[in-house]
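As recorded in TrEMBL:
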- B:7-417: domain 'TRAP C4-dicarboxylate transport system permease DctM subunit' (DOMAIN)
- B:50-69: transmembrane segment (TRANSMEM)
- B:101-122: transmembrane segment (TRANSMEM)
- B:134-151: transmembrane segment (TRANSMEM)
- B:171-193: transmembrane segment (TRANSMEM)
- B:214-236: transmembrane segment (TRANSMEM)
- B:242-260: transmembrane segment (TRANSMEM)
- B:272-294: transmembrane segment (TRANSMEM)
- B:314-339: transmembrane segment (TRANSMEM)
- B:377-394: transmembrane segment (TRANSMEM)
- B:401-425: transmembrane segment (TRANSMEM)
Amino acid sequence: MTAWLSRWLVRLGAIGLVAMTAIVAWQVFGRFVLSASPSWTEQAALMLMIWYVMFASAAGIHERFHIRIALLEELLGDRAGPVRRIVSLIVAALGLVLAIYGVQLCISVRGNVIPSLGLSRAVAYFPLPVSGALMTWFALEQTLGREKD
Amino acid sequence: MELAVLFGALLLLLALGVPVALCLFGASLLCFLAIGLPPVLAVQRTASGINVFALMAIPFFIFAGDLMYRAGIAERLVRVADATFARVRGGLGLVDVGASMMFGAVSGSAIASASAIGSSMAPLMREKGYPGEYAMNVTVTAAIVGLLIPPSHNMIIYAAASGIGVSIGDLFVAGIVPGVVTGLMLMGTAWVVARKLGLPRGTFPGWRAFASAAIYAVPGIMTAVIIMGGILSGIFTATESSAVAVVYTILVGALVYRTLGWREFWQAAERSVRTAAMVLFIIAAATSFGYALALLEVPAELGELIGRMTDDPVLTLLVINIMLLVLGTFMDMAPLIVITTPIFLPVAMDVGVDPVHFGVVMMLNLGIGLITPPVGAVLFAGAAIGGVSVGRMIRTIWPFYLTLLVALILITYVPALSLGLVHAWNG
Amino acid sequence: GCRSRLAGTFLAADAQPADYPTSQAVEWMGRYLEQRTGGRLSIKLYAGAQLGSETETLEIAGFGGLDIVRVNLAPLNSIAPLTIAASLPFLFRSADHLHRALDGEVGDEILASMRPHGLIGLAFYDSGARSFYNTLRPIRTPADMRAMKIRVPGSDLYVAMVNALGANAVPIAYGEVYQGLAQGVIDGAENNWPSFESARHFEVAPYYSLTRHLLTPEMLAMSVTAWDRLTGSDRALVREAAQASVPVMRQLWNARVEKARSTVLAAGVAVNEVDIAPFSALMRPVWDTFVSTPEQASLVRRIVAMGDDA
Ligand code: NA
Ligand code: NA
């Protein structure tokens, strides 16, 4: 289940990256060739970037691809189990913070409009709580040792 | 007290092996709580840390570089470069320095340069027998040099932050000689290290083969021409050029070389999204951490400290350099320029340092900060892109650090390197 | 540091540098509060966008992460719709006209409209008049701007205004403007004297044409979270201090404009006056698009009427 979810987060992210490429290319084309700069492109591309960075970051907890300093684990070798568990618990806790206060952030900015898109700022920020909740889920699964890696 | 919380939490989380982005997020979160600020602040700072247009260059150049690698465009380029430097041991290292410097110079962003050169050249250097960490050490250190060579948006930030009307034109001219000198020093180091490691010489395939390789490489070389030409002629901005590079690479790979199919395309997109997330999540969380540092006025207090310590020019510059290097290990470049320029520039000018010269010193100094842990965006990007651990990079990067430090000392204490060309330019 | 946050020190943010008139005025307000309360209330100002852009600090103040923010009305347009009424192009005829409108009832209504968005509007500061500068030629009529690529901030109103004048609005980041002008990605941009000077754009854009199309003011606001913690008399004192800082700010502002103007002129920039009638004649559709509620329309009508008295 989580492996399937994580794979789809990355796949969605890839679609976001390709869409962002098309949008910025269109911006250059519009200004240089059509002499009419589309005004929505900058904000739309930025919003996509927040989405896919946060979704792929959640997948990064499951796939363990995030950059970290693994010196302690290397030193402990076979006895690193408890340390890994503690790290997973910390990640789960921070994910929970991101989830809870991400919701609060979205509520707080829901009335702010993103210029040129006409959408609520909350639309740009909603991947933060979603990603936080997913991080907690992925990390808890690692703590409980149900996940094989 | 809050300062102890901030750094204590950061170091503890890093040591445990928590992902770096979450270390920065967690440390700033605890600091905000200690000050009495709401925890939602850490989430907001992280979100707006990604909400920056210039950062788009990172995923785009990572994507373009990966596509160039998968479509075989990078390989054709490297084959030509390899043949050209066939007689030099570790010749590809020198090529990498030159490419990263040029790329950093035009794109104005060290991390964009590390993204593009790293994701296209590093895999090929590995295939030719270069260790991954050597390739990335060369790439990230040379990318820093690009910050000195115009155009440089960091110099524009510096000019604005100076508040005394430092000319951006003068700053651009002042960066050229120090940039070239530092680049040559890095090439020297890359060569020495390559000899020590016994890295391979290239093989010269003969003039016929060389010429045909060069012809096949032309569409690849055009990538650089299009990016540089487009920026310099005003068709697109440096940030936009990164998206243009992606589109151009897709066209060349799919239509000219016909080596890029749907499969490779989606593989490249998925790999690039992972790499971009690693890098951008750290940058986002570093924004929250930088906010905590700004709130605690760490840079301002250091500025006062120098004023009390000494009024000797040589010592003042030494102390400022050390403080900036230390701050640079924790914070990113643009916020540091904004925060520290109004503090350190008056101190430096009091002892007779020219503000244009000081700007160049600051660029190199804070650039070095980009490749030093715990918060070294370019170093982390290099590790992520090259697929090497940060630990392995740091264990082998010191000859390059040392070179940059020597260059920094040289540029700090020989103002003529920066100002000579400016004076000639202004008549 | 900000160790005494709960003990009466307001955290304040300004995107302009510490020596800018807005920052100086907020510092002045802090000293005023300190004197009146024997140091019980004070302000700790973080200038130079250390704590984020204006849009970001507004968000932060909205949930109580900052106590006082100084922002232009433009970023407020996407939060509090009434602010649009004071942000229309070619609305204010002069600084006097602006002051007459904002120092009275119209201004009070706009300040009061901030509350549902988590902010308490305290006072208006000046922002001077924004005019166009470019790399090609002096602008005297809208025809001179035809197809010029003019950089605008990421605001729908600016995009509509520039396009209505016949130019091509290009919304790129402020930090990319200098290089954009130098390399020709854009032909021009627009701003007031002090920003034209301090961002060094005059080095690369030699024509400054005084269209004075926008006199959009700045607002000083407090977060509702901080406000609700204050006693009734402290609230009155904060308002009093903010109002008292307004004339101080205006004086600093005028001096700053003079200084910027002389620097720019000394650099050899060609400055020209403009007859704005043909420009403002093109603004009707822009006003119609952005003034959508009866409340906004009423404010605009009253502001326009005040201009006629002068
Ligand atoms: Na550069
Ligand atoms: Na660093």
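The count begins at 1 with the first shown residue.
Using the three backbone atoms N, Cα and C, a Cβ is placed for every residue, glycine included.
No curator has checked TrEMBL annotations; they are predicted automatically.
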Do we see three or more Cβ pairs under 8 Å linking the transmembrane segment (B:242-260) and the transmembrane segment (B:214-236), pairs being at least 6 apart in sequence?
yes
Count the Cβ pairs between the transmembrane segment (B:377-394) and the transmembrane segment (B:272-294) that lie under 8 angstroms and are 6 or more residues apart in sequence, then report whether there are at least 3.
yes
Averaged over the whole of the domain 'TRAP C4-dicarboxylate transport system permease DctM subunit' (B:7-417), what is the pLDDT?
83
Counting Cβ pairs closer than 8 Å, which of B:50-69, B:214-236, B:401-425 has the most of them with the transmembrane segment (B:272-294)?
B:50-69
Top Cβ-contact partner of the transmembrane segment (B:214-236) among B:50-69, B:171-193, B:401-425 (pairs under 8 Å):
B:50-69
